[in-house]
């Protein structure tokens, strides 16, 4: 049956219109120009195709016309962490420089108001800060106070109550600035974004049979020896949709089941794993065939997340597959091999696939064909059994008829002697 069905054919038949010309013949200029135009159109179409999520995991979404920008300031810590490194370093430097300059200006202003700058050579005068003779020395004293480096020969005296209050205020605010900025830099440095760089996805997804069921599969792997704790995988189908009421929903997200109900979405990611999505009646690819897959426009976004074993922080890695990155009738090459006492993973074969016999029809058509075949077997076997039963019944009925023609001899004698008479003690013949 598989040979008769063209959908199960592993080698597609070449149409007459697509037959290759003989080597001696040369294509005409018109056909060559038409071929170049078709290739140009395909190239432009590929260029115009926009990804929702890049292969590296970056989301191609930009927020515009955001008027409520004050919301970013209400969560200033996250805003600073999300900044790029050049802006984070600029904010880090400015935070300390502005603080030192601000308190240095106040120290200089106190010395100016008390007249310390006018009595620099007067040894009988007790200044607020010893050896503070200008703005530069006030700035250095501010740095020494906030960073607690050590005063040296510039030190505050006990005859300046306003200086003591300013010293306490700068020490408290300086500790707050240190905690805030060092915390931002520590979180930014320890972010698990770089950990996601060692989580790899296969360059293509494949569609093939697994246990006589059509499945969509892709491969994930971890390049590090440290594991991802509580790793889980999710997949989304990004495709525009129009409802029955005529509403157009761009980039509609549909969940792709990769084992949520059975727990197969929880991964023990020690070696590369092949994630499988069974195409059944609940799948968005239920009615998609090989021909329709090449014409359709969609994007499959896969999300792998878990906790980094070393830091305990949550890590998320993303990738996507466009329709031309889904290979129908392919299967992934094996990457595991058993060595002397351990398993070795060959990442050279991580992205490689090979062709396998796969029906080109949709999973729905396969299910209908299987149902028709089962129904045919279901009705054909009982019908033959019924024929045998009917033949046996007819034989039994014929035997009974033949046996019934020979009546019981006692009954014959009774009928021949006459009617039955009743009397005392029983009936007599």
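Backbone N, Cα and C atoms are what each Cβ position is placed from, and that goes for glycine too.
Those TrEMBL annotations? Automatic predictions, nothing curated.
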Scan 63-86, 87-110, 111-134 against TrEMBL and say which stretch is down as transmembrane segment.
87-110
Could you tell me how many residues in the domain 'Potassium channel inwardly rectifying transmembrane' (53-192) are helical, how many are strand and how many are coil under DSSP?
87 helix, 4 strand, 49 coil
Long-range Cβ neighbours of the transmembrane segment (164-187) (under 8 Å; 6 or more residues past either end):
77, 80-81, 88, 91-92, 95-96, 99, 103, 106-107, 110, 142, 145-147, 156, 158
